[in-house]
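Undergrad: The following block contains the structure, expressed as C-alpha cells.
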Amino acid sequence: MKFSTILAIPFAIAFANAAAAPAVTAAPAPAADNPYTIYPPVPKTASINGFADRIYDQIPKCAQECVKQSTSSTPCPYWDTGCLCVIPNFTGAVGNCVASKCRGADVTNFRKLAVGACAAAGVWDPYWIIPASVSSALDAAATATGN
C-alpha cells in the first residue's frame, strides 16, 4: 500500500464524519448546566453610563459623582454594564472615589447596589470586580464615621 493512500484514508473518514454532522445555524438552546447560553439584554443607551444608570437614583448622595467616571479608559462601550463591572480602570476609580467621599452605611449601601447591578448584568461572583487595594479602602471607609 502506498504511503499517500495511507494518509488519504483518515482524511476521507474525517471528511465523511464532518459532512454527516449537523450544521450550526442557531445559538445553543438554554440549558440549566450552561449559564452562558443566556445573557440579560443590554440596552444600548445610557444617560450617564451603563453602570451608573441602573443604580443612580438609589445610591447615597456622596457616591453620585463617583459613578460618573469616564469610561474612555476602558475597552467597554459606555452603555455596557457587564463590561464596566469587570474593568479595574473603571471600578477602581469609582471605588476609590466612594472610599474618599462616603463613610459608614453609605459605603455599605453603595457596594450592595454595585454588586446587584453587576449581578443583574450577568457578571460572575464577586460581581463588582475591584482591585484588592480598593476593596481595603472601601472596608476602611465602611467602618469609619463622619465625613
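Cβ atoms here come from the backbone N, Cα and C positions, even for glycine.
Pulled these features from Swiss-Prot for this protein:
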| type | residues | note |
| --- | --- | --- |
| BINDING | Asp80 | heme binding site |
| DISULFID | Cys62-Cys102 | disulfide bond |
| DISULFID | Cys66-Cys97 | disulfide bond |
| DISULFID | Cys76-Cys83 | disulfide bond |
| DISULFID | Cys85-Cys118 | disulfide bond |
| DOMAIN | 34-145 | domain 'CFEM' |
| SIGNAL | 1-20 | signal peptide |
Undergrad: Roughly how many angstrom lie between the C-alpha atoms of Cys66 (disulfide bond) and Cys102 (disulfide bond)?
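TA: The separation of the Cα atoms works out to 10 Å.
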Undergrad: To see if you understand the setup: which same-chain residues, six or more apart in sequence, place their Cβ under 8 Å from that of Cys97 (disulfide bond)?
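TA: When sequence neighbours closer than 6 are ignored, Cys97 (disulfide bond) has Ala63, Glu65, Cys66, Gln69 within Cβ distance under 8 Å.
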Undergrad: How big is the gap, in Å, between the Cα of the residue listed as 'heme binding site' and that of Cys118 (disulfide bond), rounded to a whole number?
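TA: With distance taken Cα to Cα, Cys118 (disulfide bond) is 10 Å from the residue listed as 'heme binding site'.
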Undergrad: Quick one: Cα separation, Cys83 (disulfide bond) versus Cys62 (disulfide bond), in Å?
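TA: Spelling it out, the Cα of Cys83 (disulfide bond) and the Cα of Cys62 (disulfide bond) are 24 Å apart.
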Undergrad: Going by Cα-Cα distance, pick out whichever of the disulfide-bonded residues Cys62, Cys76, Cys102 is nearest to Cys118 (disulfide bond).
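TA: Going through Cys62, Cys76, Cys102 one by one, the closest to Cys118 (disulfide bond) is Cys76.
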Undergrad: Of all the disulfide-bonded residues given, namely Cys62, Cys85, Cys102, which is spatially nearest to Cys76 (disulfide bond) at the Cα level?
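TA: Nearest listed residue in space: Cys85.
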Undergrad: Sort the residues of the domain 'CFEM' (34-145) into helix, strand and coil with DSSP and give the three counts.
TA: 64 helix, 1 strand, 47 coil
Undergrad: Using the alpha carbons only, what distance in Å do you get between Cys62 (disulfide bond) and Cys85 (disulfide bond) once rounded?
TA: 20
Undergrad: C-alpha of Cys85 (disulfide bond) to C-alpha of Cys102 (disulfide bond): distance in Å?
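TA: Just about 20 Å between their Cα atoms.
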Undergrad: Using a 10 angstroms cut-off on Cβ to Cβ distances, just flag whichever of Cys62, Cys76, Cys85 is the loneliest among these disulfide-bonded residues.
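TA: Among the disulfide-bonded residues Cys62, Cys76, Cys85, the lowest count of other Cβ atoms within 10 Å belongs to Cys62.
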